[in-house]
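What Swiss-Prot says about this protein:
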ACT_SITE  C75  active site, proton donor/acceptor
ACT_SITE  C186  active site, proton donor/acceptor
BINDING   D12, S13, Y44, G45, N76, T77, T187, H188  substrate binding site
Amino acid sequence: MDKKNRPIGFFDSGVGGLSVMKEAIRLMPNENYIYFGDSKNAPYGVKTVEEVRTLTFNAVESLLEKNVKAIVVACNTATSAAIDLVRSKYENIPIIGIEPALKLATKYNRKGNIIIMATPMTLKENKFKSLMEKYGENYDIVSLPCAKLVEFIEHGILSGEELEEYLKEKFKPYKNNDIGVVVLGCTHYPFIKETLYKVIDKDIPIIDGGLGTSQELRRRLEEKNLLNTEEKQGSITIINSNGSEKMIELSKKLIEIS
């Protein structure tokens, strides 16, 4: 197979990374995609760093077996815990991670706090500390750990009273006029954006790193002359460690494919 026609591998702790792959498909519809969701081991955000690193390496190995030309670690927690180690081990393949879109949030230049919703591990890791050091001095940044949110989404709960109550409780300390921007620091969270807007004002920007990551993926492929030159729509393959048809169906629903 021509190197350019080989698929791009995406990996996440579950269905969350589909929000990133969706952006990549919009940007590069002619590429072929393989998505590996590790729902069997979700959520990653409450595991130890070593556990997450082991699971990340396992996922990367399984994608390499599928002969992928690039890998997107479409999981904030896995990026925080393992991306540098993964890149060191697999130097010959582009490996792209994802980070909370803090830089983008600062460009909105709105009064109020920049609230970063993320898993507890993402907020504890050095990568996030570096972002805080870079932007924390000039902006009011609030870390909002949302440990249970991934579980809602993994169960296909994207709306409803229970989810709304959970989000209300999380945002209880903050009035709407105290919030400048909300950053979704976990790839699962874009799927509950509409429900979040039932809890906070609709004029508050809610942003995530999906588009920026997809643009970086495209740049890296271009740099290595790996962009697919076919004009037809590419293929999409979804694999999930959970092994159930239900997870595949949920994944297809989230990415709106048949």
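Using the three backbone atoms N, Cα and C, a Cβ is placed for every residue, glycine included.
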Pairwise CA distance, T187 (substrate binding site) versus C75 (active site, proton donor/acceptor), rounded so that it is a whole Å: 6
Conformational class of S13 (substrate binding site) under the three-state DSSP mapping: coil
Count of other CB atoms lying within 10 Å of the CB belonging to Y44 (substrate binding site): 27
Secondary structure of T187 (substrate binding site) (DSSP, helix/strand/coil): coil
Recorded substrate binding residues, D12, S13, Y44, G45, N76, T77, T187, H188 - maximal Cα separation rounded to whole Å: 12
Neighbour count (Cβ, 10 Å) for C186 (active site, proton donor/acceptor): 29
C186 (active site, proton donor/acceptor) and N76 (substrate binding site), distance between Cα atoms, whole Å: 5
Around the Cβ of N76 (substrate binding site), the count of other Cβ atoms that are within 10 Å: 34
Same-chain residues at least 6 apart in sequence whose Cβ lies under 8 Å from C75 (active site, proton donor/acceptor): F11, D12, S13, G16, G17, Y44, T56, I98, T187
Neighbours of D12, S13, Y44, G45, N76, T77, T187, H188 excl. site residues, C-beta within 8 Å of centre, substrate: G14, G16, G17, A42, P43, C75, A78, T119, T122, V150, C186
Nonlocal residues around T77 (substrate binding site), in sequence order (Cβ under 8 Å, 6 or more apart): S13, P43, Y44, G45, V52, T119, M121, T122, C186
